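Since the structure comes first, as structure tokens, the remarks are kept for the end.
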Amino acid sequence: MTRIGTPLSPTATRVLLCGCGELGKEVVIELQRLGVEVIAVDRYANAPAMQVAHRSHVINMLDGAALRAVIEAEKPHFIVPEIEAIATATLVALEAEGFTVIPTARAAQLTMNREGIRRLAAEELDLPTSPYHFADTFEDYSKAVQDLGFPCVVKPVMSSSGKGQSLLRSADDVQKAWDYAQEGGRAGKGRVIIEGFIDFDYEITLLTVRHVGGTTFCAPVGHRQEKGDYQESWQPQAMSPVALAESERVAKAVTEALGGRGLFGVELFIKGDQVWFSEVSPRPHDTGLVTLISQDLSQFALHARAILGLPVPLIRQFGPSASAVILVEGQSTQTAFANLGAALSEPDTALRLFGKPEVNGQRRMGVALARDESIEAARAKATRASQAVVVEL
């Protein structure tokens, strides 16, 4: 039976969040609502989730000794990774010593890079995926491209938000795609995955929650990407019953293999009734921001319940809903947002401004949310709200 104490007291139930972006911020808010004491950790100060946590620490999260020192000092009941770039070997060791990692340290380790999770899905679980090769050198990469043919996709095995990702259409793209992948990898230069291109009709995120009562699926989330980075998402994505059933089978297989409890974002390619596994995040997913307006329990509320061992008896979906990101380009440490009244002038709209302390280049700084009578209308409304926001750098 779940028992939650009083924050900042000897009975407190403590959660330590590793990574403090906008997704972590919403998770912290949901945990706070349930009376949990939250400690936020990231590599930079004043990150979004730090602004709503009880306290925070700034460390290099790829430094295992620094991560261990914070965890041993704070003694959290639950360690919750919010990003991939963490010293996962340290999480594995801490889990073996009795700490609880959400969903599991193995899940964090396998999903830290694309190779671990792709080999699990394709080679161990025999799930349908695109054809693929891994390469460490330009020579091996060139051979893989030749073998798979054009078009194909190259990505660093360790990167997020589309960084370093390219679609190769001809031999002219081979060198520049390699160079871009080497620049975009999270741990610096290195290994890449080359994938055969699937001519899919659409892609979805199937938000899958493993909780005390079993496994529950949210309605499928459709999304549009640019350069591998999410621009808008909507729910529910229309699918054939056959494709939806197969999507749930694939999502259940991969989340069961990763184990533990929590919310997972399972990315899938769909063509007609066919489904291919793409990737999985063992945590809330950026495309799932739409659930802040589309469901009675957002993906963040679901994650909080699952972490704490609370049941999810039912998820109510409110009908056609959409999200559109507020993307800011430039440089500033004091970004301001204006014209918000116009952005919120239509019924069934909402905004989330993430409170990121700086922008240097291009950065997602907020999201507009909307509901309407159809997906098309909801998408258009969310986009209008997003575009109405005036950004002052």
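Using N, Cα and C of the backbone, Cβ positions are placed for all residues, glycine too.
According to Swiss-Prot, GLU22, LEU23, GLU82, ASP286, ARG363, ARG364 bind N(1)-(5-phospho-beta-D-ribosyl)glycinamide; the candidate from LYS271, LYS356 that the record adds to this site is LYS356. Under 8 Å, Cβ to Cβ, and six or more positions away along its own chain, PHE197 (ATP binding site) finds SER130, PRO151, CYS152, VAL153, LEU167.
For ARG364 (N(1)-(5-phospho-beta-D-ribosyl)glycinamide binding site) paired with GLY162 (ATP binding site), the C-alpha to C-alpha distance reads 13 Å.
GLU267 (Mg(2+) binding site) counts 19 other C-beta atoms within 10 Å of its own C-beta, drawing on all protein chains shown. Ranking the binding-site residues ARG114, GLY162, GLY164, GLU267 by Cα distance from ARG363 (N(1)-(5-phospho-beta-D-ribosyl)glycinamide binding site) puts GLY162 first.
The shortest Cα-Cα distance between GLY162 (ATP binding site) and any of the binding-site residues LEU23, GLU82, GLU267 is the one to GLU267. There are 17 other CB atoms within 10 A of the CB of SER160 (ATP binding site), with all protein chains counted. Annotation: ARG114 are the binding-site residues among GLU82, ARG114, GLU195, GLU203, ASP286, LYS356 whose CA atoms are within 10 angstroms of the CA of GLU279 (Mg(2+) binding site).
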